[in-house]
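Contents: one structure, followed by commentary.
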Amino acid sequence: MALYSAAAAVLEGLERGDGGIKTLVYNSRFPHVRQLYALVSETLRYSSVLEKLLAGAALLRAEKKLPLPLAKVLVYDLLFGKGLKCGGRWKALARRHRARLEAELARLKVQQKVSRNEDLLAPVQAACPRACQVPRYVRVNTLKTCVDDVIDFFKRQGYSYLGKAASVEELRALSGKKFLLDLHLPELLVFPPETDFHDNLLYTSGHIILQDKASCLPAFLLSPAAGSHVIDACAAPGNKTSHLAAILKNKGQIFAFDVDTKRLATMNTMLMRAGVTGFQLAQQDFLTVDPRDPKYSKVTYILLDPSCSGSGMVNRVPREEAAPSAERLQALAGFQRKVLSHALSFPALQRLVYSTCSLHREENEDVVHAVLQEWGSAFRLVNAFPSWPCRGLAAFSGAESCLRASPADTLTHGFFVAVLERHGKGTAAPSSLPAAAEENPQHGEGMEPRAAPKKRKRKKQRVKE
C-alpha cells in the first residue's frame, strides 16, 4: 500500500504545483524511488484514459472515500501495469470493480476502433516538446558553497562549462554534458533538460537546489536585507524558503507557514539539509495569523506564493480540459485576493512579492489590481527587473511592471511575479507607478541596490568527490 499512497501523494503535489515529478518523487522518502517514478510517470501518461474509465465505471460514485489520485494509480496498475501486487484493502476494493473496469476498457477500445491499450493514448507531440525544452536549472546554495566551487566540481565530473549565457537561445541549444551560468540570475547554472542530479553528491549534501528559474524569481526580487524578519506565507515544499535564507545569509528570521503536516516535515528535512538556520515552521493557515502579534512586529518582507491553478507547470497532471472552469478560477482568485490583502496588513511590512505558477490573468494581474485598489495609495507596484523580457498583461495601467514567464519565451515554467512596496499611509489617491530603474537592471525603484559583487573567496565548504 505504501507504493500506491506515495504515488497518489506525488500526483496531488503535481496538481498543487509543488514541484516537478522528479523532485516530488525524490522528496517522498519512499525507499524505491525508481519504482515510484515509473508508476507515477505511467499513471500520468494514461491520465485521460483513466479518467474516462473511472467515469464510465462510476467507481468514485460507488467508493466515495477513494480519492481520485489514488483511484488513478490503482486502476492503472490493475489494467495497464503489474496487476496490483500490493495494496491491502485498496487492492481488494479495486479488484471488486475489476469486471466493470475491464468492460469499460473494452468498450472504450471499440469506440475508438483500436486493439492495443497504447493506441488509446492521445498524441503527445504537442506536449512533449513543450516540457522537454525547459532546461535543468541548478541553484547554487551559497549557505554551503559558492558558484566557482560548484563549477569546478562539475568540470571534474566531465561537464564542459561554457561561461555565462548571453541569450535565451544559448540555453535552448545546450546538449550533452555542457552547462552555462544563467544570463539573469547570478547563482543559477543551466544544464540540458534531460540532466538528472537527484543522485549527485552536490544535491544529496544540500550544496545545490534543483529549482526552476521562474521559481527563483520571487526570493530574488524580494531581496531582503541580511538581518531582516521575513514571512514565507505558503512555504512548502521549501525551495523559496531556502533561497530566502541564502539571500539573508542566515542572518535574520524566517517565519514559514503551511497547513499540511507531511509537507512541513519534508520541508524541515530539506531546510536542514540546505544548512538553513533562523527559521520557524508553523502548521497554520496564513489567513489565521494575527498581523498585530508582537512576534511579527519586525516583519518587513513577505513572500506570498498562494495556491493556484498550477496551469504554468509544464509537467503537471495532464487534464482532459486544458483550462480550469470559470467557477474554479473565480474561487481561486477570491482566495488569492483575500490572502494578499491579509499579507499587506502586517504593520511593519515594506515590500511584498506575490507570485503564482498560473497563466491565467484572473489569478495574476486581476488579483493585484483589485487589492491595490482596495488599499488606495498605501502600496504601489515596483517596476522590478526591467530587463526581464516578458511583462504583465495589459489588464490595467501599470500592469507592465509585473513579470511573466513561459516555456516558449523564457524557457521556464509558466509564472507570474508582482513586487509591491509600501508607499505613504494610504489616505491619498493612488500614486503613479514608478519608472523603470536604469541604474540596476535587476532591481526596481525603491529596492535597495546590492553592493557590487566581490571576488569570490574559496573559504566556504568545499565538496569532495
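Positions of Cβ are set from backbone N, Cα and C atoms, glycine also.
Note that TrEMBL annotation is computational and uncurated.
The structure displayed is predicted, hence computed values, not measured ones.
Looking up the ranges 91-118, 399-426 in TrEMBL, the one annotated as coiled coil turns out to be 91-118. Take the CB of Lys240 (S-adenosyl-L-methionine binding site) and look out to 10 A: across all protein chains shown you find 26 other CB atoms. The recorded positions considered are Cys234, Ala236, Cys357; of these, Cys234 has the fewest other C-beta atoms within 10 angstroms of its C-beta. In this record, S-adenosyl-L-methionine is bound by Cys234, Ala235, Ala236, Pro237, Gly238, Asn239, Lys240, Asp258, Asp285, Asp305; the longest C-alpha to C-alpha distance in that set is 19 Å.
For Gly238 (S-adenosyl-L-methionine binding site), the Cβ neighbour count at a 10 Å cut-off comes to 30, with all displayed protein chains included. The two recorded residues, Asp285 (S-adenosyl-L-methionine binding site) and Cys357 (active site, nucleophile), have Cα atoms 20 Å apart.
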